[in-house]
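Quick look at what TrEMBL annotates:
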- 1-13: compositional bias 'Polar residues' (COMPBIAS)
- 1-21: region 'Disordered' (REGION)
- 35-62: transmembrane segment (TRANSMEM)
- 82-101: transmembrane segment (TRANSMEM)
- 113-133: transmembrane segment (TRANSMEM)
- 145-166: transmembrane segment (TRANSMEM)
- 171-189: transmembrane segment (TRANSMEM)
- 209-229: transmembrane segment (TRANSMEM)
- 249-269: transmembrane segment (TRANSMEM)
- 289-315: transmembrane segment (TRANSMEM)
- 322-342: transmembrane segment (TRANSMEM)
- 348-366: transmembrane segment (TRANSMEM)
Amino acid sequence: MTEPSKQTTTEESANPEPDQILSPRRSLQLNQKKWWISVLLCFFLVVLGDSLVMLLLNFFYVQDNREESDQDRQYKGTWLQALVQNAAFPILIPLFFIFPSRKSNQETNNTRFLSFRLIVLYVVLGILVAAHSKLFALGKLYANYGIFTLISATQLIFTTIFTAFINRFKFTRWIILSIIITILIYVFGSPEFGGEPDENEEFYNIQAWLTFSGSVAFALSLCLIQLGFEKLLVKTKRYGNKKVFRMVLEMQICVSFVASVVCLVGLFASGEFKELKGDSERFKKGETYYALSLIGLAFSWQVWSVGLVGLVLYVSGVFGDVVHMCTSPLVALFVVLAFDFMDDDFSWPRIGTLIATVVALGSYFYTLHKRNKKKMVELYQRENNTEV
């Protein structure tokens, strides 16, 4: 290389073009755009997962011949359903290595201590997830699904309380409005369920305690996931100092692994594994459809879980729960179209909840928009003060 060309190259590297330098304002705009894309992607995964799960659950229980079984048979198979909710996590492992990761900072004694605490958190969360998976799977079968829905709506109340104390979450009037509307949407807009028992097999007291306990466990798990992201996973500096989607995959893989182990222990300790062959033989569509429905459920649960955990990472546990519960009217519409349940139609109250869903989500999205706009205004003010 000639001397003039060397000098030109040195000057270009020392003085890059203006468009190669991102100003703080431009950098913030790009980060906010990436953030919105991530939030909308997770939002779509929750809607898709919720819809597929409810459709496949109804298919499974409609084909399971439970109406011809005795009372003891009605309440079995719940360890299997709890296991199915968590067992498909290995499909996320390739994605974990595909998604890019920011350069990690050098590990110190402090970050090693944080990593140990993170492992403890994964174990605790895995047990909580296994608990609410089992409790919800059993609670659905003990009485009318409408009662189950009414009680499980308290999970958003518990999520709000736990988030306020554990995560120091700041509520606005728009978020409070969104929470109130969401609870009403969930109560009046939830879909029908094909696993309901006969009237002589309903036990409302048992269902109430099971569902109530499951709601508390679910709400607490959301808040602990948010705490793990904010106080532990980010501070370990394995992904730099920013939140990336790979964190979602790590959280989901580790927690689902622990939950799957707990559910496997419950499956074998209860003797429920002995009935798997009989379950597949009683399936109306045959053993092949029995296996395919379980595999489809497992994949659908992972889609839903990844979306939910992603919303917790990028926004909050409250927002994740709001989105999850706001999908009820849309899922109900799909169930009405796919199944011919007696006296089930998409009536005017459900149409009203579908409209209310737009209001509830719009209220929360408006809050998120205001927060991003506030950050931009603060940046403008800092730049103006620096210029002065």
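Note that Cβ sites are derived from N, Cα and C of the backbone, with glycine treated the same way.
TrEMBL annotations: computationally assigned, not manually curated.
Note on the transmembrane segment (82-101): residues 129-130, 133-134, 137, 238-239, 244-246, 249-250, 252-253, 256-257, 259-260, 263-264, 266-267, 294-295, 297-299, 301-302, 305-306 of its chain, located 6 or more positions outside it, place their CB under 8 angstroms from a CB of the stretch. Most Cβ pairs under 8 A with the transmembrane segment (35-62) among the ranges 145-166, 209-229, 289-315, 322-342 are made by 289-315. The stretches the transmembrane segment (289-315) and the transmembrane segment (209-229) meet in space: the count of Cβ pairs below 8 angstroms, excluding pairs fewer than 6 apart in sequence, reaches at least three.
Taking every listed stretch (113-133, 145-166, 209-229, 322-342) in turn, the largest tally of C-beta pairs under 8 A with the transmembrane segment (249-269) is reached by 113-133.
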